[in-house]
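Below: the structure, in C-alpha cells.
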Amino acid sequence: MTEKKYIVALDQGTTSSRAVVMDHDANIISVSQREFEQIYPKPGWVEHDPMEIWATQSSTLVEVLAKADISSDQIAAIGITNQRETTILWEKETGKPIYNAIVWQCRRTAEICEHLKRDGLEDYIRSNTGLVIDPYFSGTKVKWILDHVEGSRERARRGELLFGTVDTWLIWKMTQGRVHVTDYTNASRTMLFNIHTLDWDDKMLEVLDIPREMLPEVRRSSEVYGQTNIGGKGGTRIPISGIAGDQQAALFGQLCVKEGMAKNTYGTGCFMLMNTGEKAVKSENGLLTTIACGPTGEVNYALEGAVFMAGASIQWLRDEMKLINDAYDSEYFATKVQNTNGVYVVPAFTGLGAPYWDPYARGAIFGLTRGVNANHIIRATLESIAYQTRDVLEAMQADSGIRLHALRVDGGAVANNFLMQFQSDILGTRVERPEVREVTALGAAYLAGLAVGFWQNLDELQEKAVIEREFRPGIETTERNYRYAGWKKAVKRAMAWEEHDE
C-alpha cells in the first residue's frame with residue numbers, strides 16, 4: 001500500500017477554481033488555478049455557469065496532482081472550501097442545472113427581500129438564522145429560480161430537483177450523484193437554516209415556498225461524506241472529508257478555534273470573523289451570527305462583519321482613477337507623504353456593509369484643500385480599509401464583550417506593510433500576519449485531514465502556524481481617536497446619498 005502523504009484542498013472561489021496539495025507539515029507542494037466566466041445578464045445581476053464551475057474545479061484537481069507528480073493513491077483526503085451563498089438547482093436524474101448559479105453578489109432578489117421586511121420577518125430571521133434580510137443569502141435566490149423556471153416547484157416537490165450551495169454541487173458531481181450533503185457553515189448562510197436547532201427552518205421554507213425534498217443533508221465540517229475516484233494516476237477512491245465556507249475555512253486555517261479569537265481576510269471586500277465558542281451571540285450592532293468550526297470541526301458560533309470594498313478600492317485607484325499602475329504601487333505612493341493632509345476617502349461604491357448596512361450610501365472624498373495631491377488620496381484610500389475594519393471590530397467587541405488581543409490577517413492586501421501598520425495603529429491592537437497566506441485552503445485541508453486521522457488534533461498544527469510578522473500600534477490613543485472621529489464624520493456624510501428627496 002502506498003503511503004498517504006498528502007491532502008488536497010479544493011478552493012472554489014468567485015472568480016476562479018483552485019486546487020492545493022499539502023504535505024503533513026502543511027507545506028504547499030503545488031497549486032493549480034483556472035478562472036471562469038462572470039455572467040452579468042442585467043445591471044446588478046451576477047451568474048456563473050455551474051458546469052463551468054465543475055469543469056474548472058475538476059481539471060485543477062487533475063492538474064495539481066500531475067504538476068507535483070503525485071498519484072491519487074498518495075492522497076489521504078480531499079477538503080472543499082467555497083464561495084458561500086451562491087445557489088445552484090439541478091435535475092437529480094441528469095445532473096443538469098435548470099438555471100445558472102445565482103452568485104452571492106447578485107442583487108436581483110431585492111424585491112423579495114422588501115416583501116420579507118414588509119411582512120415583519122426581520123426579527124424572526126435574525127433570531128433564528130443569525131442573518132439580516134438581504135439578497136446576499138441563498139434563500140431568496142432559490143425562491144427566485146423556483147418562481148421563474150416553469151414547473152420547477154412541482155418538480156422539486158416530487159423530488160426531481162436538488163438545491164445546493166457550491167460545496168454540495170461539487171460533492172454531488174465528484175460522487176456521481178451518490179452524495180447530497182452540505183456542512184453547517186454553508187447551511188448557516190442560506191437564510192433557510194435554524195442555527196440553534198441545527199436543522200432546516202420550517203417557517204422559512206414555508207415563507208419562501210421551498211420544498212424540503214430538494215435540500216441537502218447537513219453534516220459536520222470534518223467527517224467522511226463520500227469517496228471520489230477523479231483525477232490523477234491510479235484512480236484510487238479518495239475520501240472527501242472536510243467542507244467549510246471560505247470565511248469559516250480561513251478562520252479554521254488561522255486556528256481561531258477558541259472563543260474570542262478573530263481573523264480579518266482582506267480580499268475584494270473584508271471579512272472579519274470572531275469565534276464566540278458554543279454560544280450564538282445575537283448582534284445588536286449590525287453583524288451576522290454564523291456557524292464556525294470548533295477544534296474538531298464541531299459546531300461553534302462566530303460573529304461576522306463584511307466590508308464590501310477593500311482590495312476593490314485599490315483596483316479603483318488603478319483602473320478608474322489611473323493614479324497607480326499596479327496595486328502594489330499603492331504602498332510606495334502612500335508612504336511618499338507623512339499623512340493624508342486631512343483627507344478621508346469613503347469607498348461606499350455599492351453602499352456600506354457592516355455595521356451600517358446602508359445600500360443608499362455612495363463613495364466620497366472629504367477634506368479636500370488646495371495642498372492635497374494624488375499621494376494623499378492613495379494613502380486615504382488605503383487607510384479607509386483599516387477604518388472600516390475598526391468599525392466592524394468595535395461592533396464585535398460591543399456584541400461579545402470580548403476585548404481582542406491580536407488580529408490575525410490574511411488575503412491579498414496583507415502584503416501591504418503600510419496598510420498592516422496603519423491597521424495596528426488605528427485598532428490599538430497587535431496585527432499578526434502568518435507565514436502561509438493560503439489560509440482558506442489550509443482550513444479545508446485541516447478539516448479533511450483531521451477527519452481521516454492524517455493529523456490527530458489541532459495541537460499538531462499549532463507549531464505550523466508561524467507568524468511571519470507582527471505589527472504593533474505606533475501612535476498615541478488621543479491621536480488614534482482623533483483620526484477615527486474624522487472617519488466617523490466622513491461616513492455619516494456619505495450615507496443616504498441615493499435616497500431621493502420627496
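Even glycines carry a Cβ here, placed using N, Cα and C.
Per Swiss-Prot, the feature sn-glycerol 3-phosphate binding site maps to Thr14, Arg84, Glu85, Tyr136, Asp246; the stated evidence is sequence analysis. Listed in sequence order, Gln83, Thr86, Val103, Trp104, Gln105, Thr268 are the same-chain residues at least 6 apart in sequence whose CB falls under 8 Å from the CB of Thr14 (sn-glycerol 3-phosphate binding site).
Swiss-Prot lists Thr14, Arg18, Thr268, Gly311, Gly412, Asn416 with the feature ADP binding site. A helical conformation is recorded for Gly311 (ADP binding site) in the three-state DSSP classification. Over all protein chains present, the Cβ of Gly311 (ADP binding site) has 18 other Cβ atoms lying within 10 Å.
Annotation source Swiss-Prot lists ATP binding site at Thr14, Thr15, Ser16, Thr268, Gly311, Gln315, Gly412.
Taken from Swiss-Prot, the feature glycerol binding site applies to Arg84, Glu85, Tyr136, Asp246, Gln247. Just so you know, the Cβ of Tyr136 (sn-glycerol 3-phosphate binding site) picks up 22 other Cβ atoms within 10 Å once every protein chain is counted.
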Other CB atoms within 10 A, centred on Asp246 (sn-glycerol 3-phosphate binding site): 26
Any further residue of that chain within 8 Å (Cβ to the Cβ centroid of Arg84, Glu85, Tyr136, Asp246, Gln247) of the recorded glycerol site: Gln83, Thr86, Trp104, Arg189, Gly245, Phe271
Extent of the glycerol binding site in Å [max Cα distance among Arg84, Glu85, Tyr136, Asp246, Gln247]: 15
Spatial separation of Ser16 (ATP binding site) from Gln247 (glycerol binding site) - C-alpha basis, Å: 16
Among Arg18, Arg84, the most crowded of the binding-site residues [Cβ within 10 Å]: Arg84
Pairwise Cα distance for Gly412 (ADP binding site)/Ser16 (ATP binding site) [Å, integer]: 15
When distances run from the Cα of Asp246 (sn-glycerol 3-phosphate binding site) to each of the binding-site residues Thr15, Gln315, Asn416, the nearest one: Thr15
